[in-house]
Amino acid sequence: MAAPLVLVVLAAVTVRAALYRSSLAVFIAERVEVASPLNAWKRVVEGLALLDLGVSPYSGAIFHETPLIIYLFHFLIEYAELVFMITDVLTAVALYLAIQDFNKVVFKKQKLLIELDKYAPDVAELIQTPMEMHYIPLKVALFYLLNPYTVMSCVAKSTCAINNSVIAFFILATIKGSAFLSAVFLALATYQSLYPLTLFAPALLYLLQRQFIPIKLKSKSFWLYTMQYTSLYLCSLVVIICLSFFLLNSWDFIPSVYGFILSVPDLTPNIGLFWYFFAEMFEHFSLFFVCVFQINVFFYTIPLAIKLKEHPMFFMFVQLAIISIFKSYPTVGDIALYMAFLPVWSHLYRFLRNIFILSCVLIFCSFLFPVLWHLWIYAGSANSNFYYAITLTFNIGQILLISDYFYAFLRREYYLTHGLHLTRQDGTEAMLVLK
């Protein structure tokens with residue numbers, strides 16, 4: 001598998017290098033779908049200019065990245081294009097290795113459940129075979145590296161690529177069973193963009209399963225391991241934040257980064273749900289609705305943890321999708337990360353109901369974004385309602401896509417234990433309905 005992966009990496013690097021040297025690079029970097037006020041490269045350059053002048057990069061309202069990012073590019077600014085290409089490659093390799101290990105775990109668990117007669121006798125066609133799983137890691141790397149969303153983020157030099165890389169290494173460390181590295185990378189991801197905090201629950205559930213610790217509230221081993229992982233996570237986060245303070249000798253970055261993410265003061269149009277809503281809202285109500293909108297990202301974590309406690313990787317996939325949809329400043333780079341996991345759930349395709357329609361919706365919306373932006377900003381023949389309408393359609397498409405996968409996953413799990421051919425008490429054929 002190493003040779004195909006190398007070919008995919010070479011193809012991805014070639015595409016990026018060609019686009020960096022083309023006239024499209026400037027156009028892509030200016031797209032609001034690709035760069036947000038949080039991760040736009042031109043804002044990083046502004047922050048670096050202020051830092052070089054001996055002024056705090058957070059003294060104005062331009063720079064909202066973390067101190068570690070600005071100090072990273074303070075030394076590597078001349079190699080920025082190379083840094084972003086290497087970051088994408090590292091992300092893909094981390095995902096490749098993570099899914100390789102995950103498939104081994106899935107196969108062992110599947111084999112054990114078959115030996116224990118936990119599956120119904122007529123579900124052989126639902127069982128994943130090693131041949132089916134063999135190419136999934138390569139497909140994941142391919143889906144990430146050659147996804148147009150990923151390519152555009154890299155060409156635009158959006159720091160979202162770095163966030164994705166940190167999350168990918170967090171997933172790899174979790175699947176490998178390293179609680180320490182998992183906590184460190186999760187702390188780093190939380191430090192970068194705050195919302196990965198919600199990935200704490202699926203990571204903990206996965207690590208508990210790796211240690212064969214029962215997920216029961218009355219279990220002492222459960223609480224002991226939870227406290228250990230929580231302590232590692234919080235200590236790592238405190239160390240990273242303190243390091244940022246020592247670099248800047250100031251706490252200015254906290255309101256400028258995390259206050260900016262939570263309060264959403266910059267209403268520059270993007271592919272998210274916040275900007276239009278708060279541009280039209282009376283100031284008096286904004287605080288309440290900011291809280292309501294922000295709660296969306298965190299609200300689903302507990303019910304999903306209860307429903308998917310036996311399937312933490314699928315839980316993590318759903319949570320990544322929720323973050324990319326409901327965060328305050330989303331970009332297409334966020335979407336690319338969770339879409340890279342779609343090949344992992346290829347065995348669910350037979351249960352998906354609207355995959356073709358939803359795929360078409362997402363593709364058409366992607367093409368319509370620049371069209372409606374041009375009509376609004378340049379031609380003046382449309383207004384913000386047109387652009388927000390396509391944004392809303394795009395996000396509804398994502399929500400329905402994840403809901404479809406969620407339904408398909410639960411349906412397959414039910415069939416595995418109850419059999420494919422369901423009957424009512426009177427002997428007639430039954431239909432499975434998700435309520």
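If you go along the chain as it appears here, the first residue is 1 and each next one adds 1.
Positions of Cβ are set from backbone N, Cα and C atoms, glycine also.
Please treat TrEMBL annotations as automatic predictions, because they have not gone through curation.
Given the ranges 142-158, 193-209, 329-345, the record in TrEMBL names 193-209 as transmembrane segment. If you look at the transmembrane segment (257-278), the same-chain residues 6 or more away from its ends with a CB under 8 A from one of its CBs are 32-33, 36-38, 61, 64-66, 193-195, 286, 289-290, 293-294, 325-332, 369, 373, 384, 387-388, 391-392, 394-395.
Nonlocal intrachain contacts for the signal peptide (1-17), taken as residues 6+ away from its ends with a CB within less than 8 angstroms of a stretch CB, comprise 84-85, 88-89, 92-93, 96, 137-138, 141-142, 145-146, 151, 154-155.
Taking Cβ pairs closer than 8 Å, the transmembrane segment (230-251) reaches residues 56, 58, 66-68, 71, 179-180, 183-184, 186-188, 190-191, 200 in its own chain, all 6 or more past its ends.
With a cut-off of 8 Å between Cβ atoms, the residues of this chain six or more beyond the transmembrane segment (351-373) that come close are 31-33, 148, 269, 271, 332, 382, 386-387, 390-391, 393-394, 397-398, 400-401, 404-405, 407-408, 411-412.
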